[in-house]
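Features reported for this protein in TrEMBL:
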ACT_SITE  277  active site, proton donor
ACT_SITE  473  active site, proton acceptor
BINDING   144, 184, 192, 385, 390, 432, 474, 475, 509  substrate binding site
TRANSMEM  535-553  transmembrane segment
């Protein structure tokens, strides 16, 4: 996961929405062909109640919530039947998504589900977990195929053994697969609890030629992924980096042909950089970065330096062939640097030249690898992931985005050129941080000028304007209604004249907490709303009126 440490969203849990009201002194109930429970006891905080839902297929399921005149910030009202059956809660006055487009929901599998010997870890436990997901109508799962596992020891020797077993289990349960081509190291980022390095033979090359890795101003190498400077350099035992990626993808396509043929694999996500995202590794924790630092430019390896020098010479200003020396360090703030401060060098002639080159190299890398991905996967849908760098978004320079390669300063849309490149390859965009609320993120670091909601809408609109599919995933663990509602707001914008919506959503990630009864129930409700399903009554149930005399209300 690429997101840094962030403050979590508020913890108050909204109760459920209502389908019909029960004002004080009046009652509206539902009847099924057998007798309802004789007494319903309410223990409310207010004197007005709303009767939510009676599902007589379960004979005694009833829920209630206080009316709008009561405190709705954290409902604690309880409802029980005379026969002491547990009450279920459905949804409180929230938007009804019934009839809206079906947005598939996938769940990301744990990072260490395949070990370094390419063996499936604990298949029985996984099967049980997948059955739980299937029981709430999750569409499928996402899984990383790690380059450092599959091609670990020698070039062009691929071991897919554990993935074959995993995919077979998923298919037997009639779940779909999103598969990630993970050409980066796993470990060292927020949410990473396992370590999977790059292939051993790549490490051996790096010992003799450390410039195959991204490098910062102080010469520190980052072995998380290969520098884009060797995309076309034959330094990987006679192959370029793009050739290595292509042959890995082609091996996967051949090995799992039957999963493609029967539709089990619905999408391939192409890893394009740090954390599998299309970005420079500008904020590595291993080099001391802490949120909300602006990060550093990562173009000091000899290959990218050479490219920058050539670009400067072609521009006629050879002295521009160097990265800026006044852009601060990993944990600087924009106003503390001469490059990113208001009116700083980022907005001067040299700054614009450098940022154009730096961001264009990011786009060119995506262009090269996606061209190969389309050859490898033919007609299978492909996608890429873009990180949600929302800190310093409300400043003029957008410093943290600039160091990551997104030339998205004020009055310049840095995501439209990326969307245009994706359109060229008919590639979908997967964007993160859709569950974050700006107010929540401002609480811990008000000085960081964050705006995740503004960033999300900018990226979504850039993708939709380019007429490409856009999917999303959450940045942090999410178990609460508030976070799910924010995702739904982005997934299905209210009153959008063009009816635009997300093509899919991937939940980060499967763990024991998600499968806890309350959390799984909340997630099931979210899945239903993403699918556009009604949350309320079965069509076979008739609505009739009962007299208030059958109810005994204890207030």
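Every residue gets a Cβ built from N, Cα and C, even glycine.
The local packing around residue 390 (substrate binding site), expressed as other Cβ atoms within 10 Å of its Cβ over all shown chains, amounts to 28. Packing around residue 509 (substrate binding site) is summarised by its Cβ count: 18 other Cβ atoms lie within 10 angstroms of its Cβ, all protein chains included. A Cα-Cα distance of 10 Å separates residue 473 (active site, proton acceptor) from residue 509 (substrate binding site).
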